[in-house]
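Colleague: Take a look at this one; I'll ask things after.
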Amino acid sequence: MCIKRKKTWIAFLAVVCSFCLTGCLKEGGDSNSEKFIVGTNATYPPFEFVDKRGEVVGFDIDLAREISNKLGKTLDVREFSFDALILNLKQHRIDAVITGMSITPSRLKEILMIPYYGEEIKHLVLVFKGENKHPLPLTQYRSVAVQTGTYQEAYLQSLSEVHIRSFDSTLEVLMEVMHGKSPVAVLEPSIAQVVLKDFPALSTATIDLPEDQWVLGYGIGVASDRPALALKIEAAVQEIRKEGVLAELEQKWGLNN
């Protein structure tokens with residue numbers, strides 16, 4: 001395990017232990033349920049999306065299935081808008097959020113997050129049509145397309161004088177640029193790496209993030225008052241990683257580059 005990933009695991013365990021020590025092991029919800037209920041937002045390929053058969057598939061869904069097997073439960077995937085996921089998690093309507101959710105300081109104040117994919121994200125990807133070796137500052141574009149509820153949307157919202165157009169799915173964001181409605185879009189690097197293969201007319205450039213805006217990869221969200229469940233999921237992820245299954249899933253979904 002690399003040093004950065006180890007630091008992320010240590011940070012997670014420290015947070016969970018702090019909850020345990022303050023008596024938060026008394027968890028709400030039905031811990032004896034035979035189902036592992038996972039909330040997702042199926043608009044973020046290859047992590048989760050709806051295939052041609054109308055089924056929710058992707059890297060996260062396969063991982064959720066592996067975790068449910070480790071927990072001895074049946075997987076139950078439920079779709080929500082991205083903005084509603086954390087609320088439903090806190091209300092124990094779902095056991096976990098697995099939806100390509102970035103680990104950020106603001107989210108760590110609300111929920112527990114178990115790292116499972118990626119390391120520090122130090123830049124975002126600017127997407128535009130045609131060739132442009134010297135992109136303009138974001139404030140110079142008439143609008144910037146981005147997906148609702150994502151870290152990149154939150155980052156853009158923190159910048160003054162950037163006109164943002166937010167959409168529910170990555171596909172809508174890219175079509176906004178393809179049709180010339182917004183001159184540029186901003187994507188997370190691993191998403192851009194996969195989805196842009198189907199959009200050869202689009203080009204990219206990088207947007208460096210200030211150090212205090214770096215993201216610690218992707219995490220599985222668990223309600224902060226359910227640390228025992230978080231530890232079980234964390235142990236399952238560790239086993240899945242050690243067995244090589246996580247690497248196989250990354251390869252299957254084109255996330256191992």
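The backbone N, Cα and C atoms fix where each Cβ goes, and this holds for glycine too.
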Colleague: Given that Swiss-Prot assigns N41, G100, S102, R107, Y151 to the L-arginine site, pick the one from E48, E161 that the record assigns to that site as well.
Modeller: E48
Colleague: Provide the number of Cβ atoms within 10 Å of the Cβ of S102 (L-arginine binding site), excluding the reference atom itself.
Modeller: 19
Colleague: Here are the binding-site residues: E48, R107, Y151. Which has the lowest count of other Cβ atoms within 10 Å?
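Modeller: Ranked by other Cβ atoms within 10 Å, the binding-site residues E48, R107, Y151 bottom out at R107.
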